[in-house]
Each structure stands twice: as C-alpha cells, then as structure tokens.
Amino acid sequence: MAEHARYQNEIYLQGLADRVPPFTTDATRLEAVAESTMDPGPFGYVAGGAGSGDTVRANRAAFARWRIVPRMMTGATERDLSTTVLGTPMPAPVLLAPVGVQSIVHPDGELATARAAAALDVPIVLSTASSYPLEDVAAVGGPRWFQLYWPNDPEVCASLLHRAKAAGYTVLVVTLDTWTLAWRPRDLDHAYLPFLRAAGVANAFTDPAFLAGLAKPPAEDQATAILRWVSLFTGTDKRWDHLPFLREHWDGPIVLKGIQHPDDARRAADEGINGLIISNHGGRQVDGAIASLDALPAITSAVGDRLDLLFDSGIRTGADVIKALALGAKAVLLGRPYVYGLALAGEEGVRHALRSLLADLDLTLGLTGHQTPASLTPSALHRD
Ligand SMILES: Cc1cc2nc3c(=O)[nH]c(=O)nc-3n(C[C@H](O)[C@H](O)[C@H](O)COP(=O)(O)O)c2cc1C
Ligand SMILES: O=C(O)C(=O)c1ccccc1
C-alpha cells in the first residue's frame with residue numbers, strides 16, 4: 001500500500017478536467033505565495049524569526065548538508081508509513097505543530113486546521129494560545145495533543161490541564177523555549193503583537209480559574225483581562241524542580257518542546273519525561289542558535305533509547321522528513337507550511353499542504369528504497 005502517494009494521481013487526473021491544485025505543491029515556495037495575499041502584520045508574524053533571521057535560514061541550510069543515498073530493488077513499491085507515538089496511532093510520522101493565534105490568518109483558525117487534520121487522521125498539537133477554546137477544537141474530533149504555555153498561576157495551570165484532559169487531549173507538550181518572546185524585528189517594525197488585540201486568548205478567557213482573578217469579565221474590561229493574560233503567560237520562570245507539579249495534574253505522557261542541548265535531553269530523561277521535541281521554535285527565539293537538525297544527532301546518541309524524540313523547525317519536504325527520521329526522530333511536526341495553507345485556502349488549504357507533504361514523503365521514502373519509516377537509519381544519509 002502506498003496510500004499517501006495517491007494524491008499525485010489525483011492531481012494529475014484532475015488536470016484532465018482542467019483543474020489544478022489550489023496553490024503550489026512546493027512548500028519551499030509557499031512563503032512567497034502567501035506574502036502576496038496576506039496582510040503584512042500577520043504575514044510578518046508567521047514568517048518572521050528572531051533578530052536577523054539567521055536561525056530561520058540555518059534551519060533550512062542544515063537539511064541541504066545531508067544527502068539521501070537511495071537503495072534499489074528493495075520491494076519499496078509496498079509501503080506502510082503508519083506509526084504510533086506515545087500511544088497515538090498516526091497514518092505517517094507527521095503531526096501539526098502547535099501554532100497560536102491562527103485567527104490572524106483565517107477567521108476559522110484552529111477549527112479549520114483541526115478539520116483538515118482530522119479528515120486525514122493526522123494529530124494536531126493545539127496551542128495554549130489558540131483562537132478558539134480547546135473544547136471547541138476537540139469537538140471537531142481527530143487525534144489531539146495539548147501544548148502548554150506554563151502560566152505563572154498554578155490554579156490556571158491546573159485548570160487548563162484538567163480541561164485538556166477532559167476534552168480528550170492525550171499528550172501534554174510543554175514548550176520551554178518561549179517563556180518570553182524574542183526580539184522580533186518584523187513584528188516590532190509593524191508594532192504588531194496579536195495578543196494585545198485579543199487574539200489567541202480564547203483558552204484563558206473561557207477558563208474559570210483565569211476569570212476568577214478578574215474583577216470584571218473580559219467582555220466588560222478587555223484591557224485588564226489582556227494584561228492578566230500577559231502577566232500569566234510571559235516571563236514565566238520555570239525550573240526542572242517544577243516538573244512534578246505537571247505530573248500531579250497530568251496523568252498522560254509529557255513531552256518537552258524546545259530542547260537543543262544533549263545535557264537538557266539527559267536531564268529530561270532522568271526526570272522521567274516521555275518525549276522531547278527537538279526544536280528551536282522555527283528560528284523564532286534565539287537568533288544565531290544552532291540549526292535544529294544539527295542538534296538532533298547528539299541528542300539521539302544521548303537519549304534516543306530512553307525517550308521518544310520528535311523534531312521540528314524547517315521541515316518543508318518529504319526529503320526533510322526522511323533526513324530527520326534517519327537522524328533519530330520518531331516523528332516530525334510541520335509548522336509554517338500548513339499555516340500558509342490556512343491563510344491561502346482555509347480548511348482546504350491545510351488539507352492540500354498536508355496531503356502534498358505526505359505524498360512527497362511516501363514517494364521519496366519508496367524511491368529511497370524503504371518500506372517503512374522505522375527502517376531509516378543514518379546509513380540512508382551522506383553528510384556533504
Ligand atoms: C505563527 C507561529 C506561531 C507559533 N505558536 C506556537 C505556540 O503557540 N506554541 C508552540 O509551542 N510553538 C509555536 N510555534 C512554533 C511551532 O510549533 C514550531 O516549533 C515551528 O513553527 C517549527 O518550525 P517551521 O515553522 O519551520 O516548521 C509557532 C510558530 C509560528 C510560525
Ligand atoms: O509566536 C510564537 O512563536 C509563539 O510561540 C507564540 C507565543 C505566545 C502566543 C502565541 C504564539
């Protein structure tokens with residue numbers, strides 16, 4: 001079976017009826033395509049990185065330094081890309097990365113994203129800073145994990161975890177690299193910060209513990225509610241010895257997102273963490289940081305046999321996924337490309353971006369000579 005590759009046939013057959021895909025099938029061109037239709041504030045917010053953009057570029061450049069070495073006559077016409085990560089079965093080793101404030105690019109925001117993902121059975125990781133309450137996104141159905149921006153108020157934290165569990169989110173992803181926003185010149189130049197415009201605050205504004213700290217509901221005094229949001233979710237000071245609090249309030253798997261150093265990975269394993277997302281937040285936090293792909297091999301050596309490693313930052317093509325898997329990741333997360341899909345064509349756009357990546361991955365895996373992602377090892381690669 002090579003189910004994802006079917007999208008290739010579907011597109012060519014549509015061509016016989018003079019229909020072409022809603023936008024390019026080449027995710028490396030999506031940013032330029034989206035720029036021509038999106039408002040400058042939201043576009044800059046999505047595309048931008050920290051500082052000079054050095055790490056955004058480094059993330060992509062790192063993929064080009066690894067080359068795939070294809071194998072022949074391996075029976076790879078039959079393929080099975082499905083896998084299970086931390087108890088979640090998925091049709092391919094791909095999840096949608098947590099991206100907050102999606103209503104700034106499309107009014108349906110995370111609901112459209114969740115619908116597109118659910119139709120393909122691809123797991124989403126819903127951001128704490130989503131534009132719709134986590135219960136509304138859960139009602140769409142589909143496999144789902146919850147990403148926590150760890151608030152300063154323990155009662156709000158416990159309440160968010162309780163709600164996420166009750167709504168069927170199965171894995172907790174704790175993002176560590178964005179305890180405050182980096183210096184982001186594109187957003188600064190536009191003086192554009194979505195939260196100050198009450199975007200991405202839906203989970204807080206529907207949270208009983210959050211609302212309990214307000215004299216008036218957000219509908220009556222939005223400014224004060226936003227200030228409380230900012231004080232809870234930015235500048236949070238979290239240390240390793242705070243992790244037991246999460247264990248107390250979350251009984252499923254816990255994943256730390258934003259790990260780049262093998263010593264942090266070892267510490268996480270020692271603390272009993274179940275998985276890591278090797279990520280530099282798509283180059284949005286530390287300008288000059290190591291490319292996320294370059295951080296992966298040392299972390300795989302350090303802890304690859306102790307917990308599940310996932311990867312993000314710079315994934316655009318099937319070949320990129322193959323490289324990350326060969327270097328030790330069990331699955332990858334896709335960031336900006338699906339957000340551009342959402343901006344360009346809503347639910348249909350997310351679906352097209354996702355199906356394009358999965359078809360490319362399926363075909364490239366087969367042509368590389370592999371039937372399953374699990375058979376990829378560093379021997380499938382050559383370092384230029
Ligand atoms: C617009 C935008 C918003 C994001 N919001 C979040 C978020 O709320 N939580 C989080 O953990 N990561 C967030 N991220 C980071 C992504 O989860 C992911 O790490 C990153 O986009 C991966 O890199 P890529 O865009 O190059 O694929 C965001 C990224 C973007 C582009
Ligand atoms: O912009 C981001 O990268 C991000 O992670 C974020 C942080 C807070 C709220 C929404 C998104």
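A Cβ is built for glycine as well, from the same backbone N, Cα and C atoms used for every other residue.
TrEMBL: automatically predicted annotations, no manual curation.
Taking all protein chains in view, 25 other C-beta atoms sit within 10 angstroms of the C-beta of His281 (active site, proton acceptor). Positions annotated as active site, proton acceptor by TrEMBL: His281.
When secondary structure is read from DSSP and collapsed to three states, Arg184 (glyoxylate binding site) falls in the coil class. Note on Arg184 (glyoxylate binding site): other Cβ atoms within 10 Å of its Cβ, all shown chains, come to 21. Here TrEMBL flags Tyr45, Tyr149, Arg184, His281, Arg284 as glyoxylate binding site.
Secondary structure at Asp312 (FMN binding site), as computed by DSSP, is coil. If you look up TrEMBL, you'll see 98-100, Ser127, Gln147, Thr175, Lys257, Ser279, 312-316, 335-336 marked as FMN binding site.
The feature domain 'FMN hydroxy acid dehydrogenase' is assigned by TrEMBL to 19-384.
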Position of peak Cβ density within 10 Å, selected from the binding-site residues Arg284, Arg336:
Arg284
To the nearest whole angstrom, what is the C-alpha distance linking Tyr149 (glyoxylate binding site) and Pro98 (FMN binding site)?
11
Entries of Pro98, Arg184, Arg316 (binding-site residues) sitting next to ligand 1, with Cβ under 6 Å as the cut-off:
Pro98
If you measure from the CA of Lys257 (FMN binding site) out to 10 Å, which recorded positions from the list Tyr45, Arg184, His281, Arg284 are inside that radius?
His281
Based on DSSP, name the secondary structure state of Gln147 (FMN binding site): helix, strand or coil.
strand
